[in-house]
Amino acid sequence: MLFKQQALLRQKLFVLGSLAIGSLLYLVARVGSLDRLQPLCPIDGRFGPRGQDEIPLRAMQFKRGLLHEFRKGNATKEQIRLHNLVRKGGTRALLEMLNLHPAVVKASQEIHFFDNDENYAKGIEWYRKKMPFSYPHQITIEKSPAYFITEEVPERIYKMNSSIKLLIIVREPTTRAISDYTQVLEGKERKNKTYYKFEKLAIDPNTCEVNTKYKAVRTSIYTKHLERWLKYFPIEQFHIVDGDRLITEPLPELQLVEKFLNLPPRISQYNLYFNATRGFYCLRFNIVFNKCLAGSKGRIHPEVDTSVITKLRKFFHPFNQKFYQITGRTFKWP
């Protein structure tokens, strides 16, 4: 996302890169010693012969039906627990919630200016024209999640404005990786195609270790991406948003963002109310206008082998610890 002070529309910008793709409720998995787990390799032997290592469409269609029942309020809490109901909520949730603030206006779509070579070649004037109108006391927000993980972006933004403020929203890395996978899987389903199981992609069958070439895994190594940004911007210009807490306890996170962006405190508990049917917070702008996130923001995770989840969490742990140390913020990640 890009935050731009309208009074200095041609000079200043605030940026939010994001990695918040996927679920909001953790998959339940006991983190124990890998020594006590069955070996993961060979993958083909563990997850079956070719054809059996793909996600059956009917299984996911059943889960999608469960999600529909949940949204209608018909699914039981036990059904929800057993089938791992999840929601994709990070960048979009933050964008909509910050739009509650009267000094904030948002772009209607992702611009992808700094991460897209073709768009970037069109120049800054093209980018400015994509921004919505705002008054001098307001800032404008644009959400483009790929900014954080695209190599060229930090330098491009630095050349535009070296004093920029950056917001990064993150979520628990393993769940984020599974959510990333789930989003791709849903796209395959719409085309009536099958897709490899998550385990097949996340674990390298040759080494039996985490497959760092798999994009969903690479994206979740937050410290690697942040270190690239720190070559251009000091850590004081960053604020880290807890994407998981933003959904369960949004107000404290929003208040931290208000403070970081030097916005007067305007968002209150009045603006946020929990919708039990939808399972997440909705937004109250005023006495007549309320808004909930789109129904497409709910996704069901496929079941993932708990030993794979454990292996991933062990893999991410040292990167997470370094991320805590660099940012000065600790998360309750396993």
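Positions of Cβ are set from backbone N, Cα and C atoms, glycine also.
Look at TrEMBL and you will find 12-29 tagged as transmembrane segment.
TrEMBL lists 87-323 with the feature domain 'Sulfotransferase'.
Feature annotation from TrEMBL assigns 3'-phosphoadenylyl sulfate binding site to Lys88, Gly89, Gly90, Thr91, Arg92, Arg171, Ser179, Tyr281, Lys297, Gly298, Arg299, Ile300, His301.
Per TrEMBL, active site, for sulfotransferase activity is recorded for Lys88.
Other Cβ atoms within 10 Å of the Cβ of Cys292 (disulfide bond), summed over all protein chains shown, number 15. The annotation disulfide bond is assigned in TrEMBL to Cys282-Cys292.
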| Whole-number Å distance between the CA of Cys292 (disulfide bond) and the CA of Gly90 (3'-phosphoadenylyl sulfate binding site)? | 14
| note | Excluding its own, the Cβ atoms lying within 10 Å of the Cβ of Gly90 (3'-phosphoadenylyl sulfate binding site) add up to 28
| Nearest-integer angstrom distance between the alpha carbons (Cα) of Gly90 (3'-phosphoadenylyl sulfate binding site) and Cys282 (disulfide bond) | 14
